[in-house]
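Enquirer: Have a look at this one before I ask anything.
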Ligand SMILES: Cc1cc2nc3c(=O)[nH]c(=O)nc-3n(C[C@H](O)[C@H](O)[C@H](O)COP(=O)(O)O)c2cc1C
């Protein structure tokens, strides 16, 4: 087993995946209350949005740390500039998206189609590494379309690690079809191939390799950690966030009380009040909390109360208090 002592980047041992529209800053704030150790990724943010957009796309709360920024783009200088800004703001890592198969992303010549251009990915990583001193990592698939042999993946990793000086990859253990499948189908239809990811770690033992795709329990995560350095969990962590409360103890060996879900809800109140005073809608925060009590009596009522009330005009923290009382059976 890879021991923490030799891990160059220990927090990557377990992470929550970048997920567009899901892992926004409110979601990350909530996840951080559940686990102090898990590495949290932003949604993919394009270099265009950061450099030319009107919103403050890099805004986050210090409480979310450690947070990795995932960038979408393929222009080395633009990526370097975004990485520089992110490092100045305190982000812990820059991750390049070379795995998203959506059409919109392909038109911008980034995401999974970058797997076909390892030299360009190397240039991108190199430019970012020259610009910052925080880790620069790449998230990709194990293949695209008919380029799904081990040799194809091996060449990608070789070029990006040698020419781009990239020493850290997260591999979603399925290939992507660049046309014909929706992004959602591309997360479900191509079969998972974990041994292929293990093979990469075996052949490139000096690289940090994290595995992603279809991992649903911490037992499964532990099993993978016998072969690779890190596990990234996406949909399960989002839909069943209570799982994160076990991570510090189960995967990082940190003794101490497991955070109770109801305490985490209460710990969200001050954050929510602060956000509401800035004009954020309650529902934009509580939507990430709907799955919190999965498997516990009252979970359905909690979910329903929030779904029905958090989007109403003027909804405030009281709605969440009422929802919590439906699970705990006490007025808080
Ligand atoms: C709603 C949603 C949005 C996603 N957005 C991104 C993204 O912005 N960047 C990215 O690299 N992957 C994205 N993904 C893919 C996940 O990061 C992850 O690779 C995938 O869901 C497989 O992991 P899982 O089986 O644990 O969910 C997204 C997945 C979902 C469900």
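Note that Cβ sites are derived from N, Cα and C of the backbone, with glycine treated the same way.
Heads up, here are the entries from TrEMBL:
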DOMAIN    16-321  domain 'DUS-like FMN-binding'
BINDING   18, 19, 20, 70, 139, 172, 212, 213, 214, 234, 235  FMN binding site
SITE      97  site 'Interacts with tRNA'
ACT_SITE  100  active site, proton donor
SITE      184  site 'Interacts with tRNA'
SITE      187  site 'Interacts with tRNA'
SITE      300  site 'Interacts with tRNA'
SITE      303  site 'Interacts with tRNA'
Enquirer: If you measure residue 212 (FMN binding site) to residue 300 (site 'Interacts with tRNA') at Cα, how many Å is it?
Expert: 29
Enquirer: Neighbour count first, Cβ atoms within 10 Å, every protein chain included; then name which of 20, 100 tops the list of recorded positions.
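Expert: The residue with the densest Cβ neighbourhood is 100.
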Enquirer: With Cβ-Cβ distance below 8 Å and at least 6 positions apart along the chain, what are the contacts of residue 97 (site 'Interacts with tRNA')? List them in sequence order.
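Expert: Listed in sequence order, they are 18, 44, 70, 71, 72, 105, 110, 111, 139.
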Enquirer: Taking ligand 1 as the reference, state which of the recorded positions 18, 20, 100, 214, 235, 303 have a Cβ closer than 6 Å to one of its atoms.
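Expert: What lies within reach of ligand 1, judged by Cβ under 6 Å, is 18, 20, 100, 214, 235.
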Enquirer: About how far apart, in whole Å, are the alpha carbons (Cα) of residue 214 (FMN binding site) and residue 184 (site 'Interacts with tRNA')?
Expert: 13
Enquirer: Suppose you look only at the domain 'DUS-like FMN-binding' (16-321); what would the mean pLDDT be?
Expert: 95
Enquirer: Find, among the recorded positions listed as 139, 235, 300, the one whose Cβ has the highest number of other Cβ atoms within 10 Å in the structure shown.
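Expert: The residue with the most neighbouring Cβ atoms within 10 Å is 139.
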Enquirer: Looking at Cβ-Cβ distances, which residues of the chain lie under 8 angstroms from residue 187 (site 'Interacts with tRNA') while being 6 or more apart from it?
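Expert: Sequence-distant Cβ neighbours: 174, 213, 235.
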Enquirer: Whole-number Å distance between the CA of residue 184 (site 'Interacts with tRNA') and the CA of residue 303 (site 'Interacts with tRNA')?
Expert: 24
Enquirer: Between the Cα atoms of residue 100 (active site, proton donor) and residue 300 (site 'Interacts with tRNA'), find the distance and write it as a whole number of Å.
Expert: 33
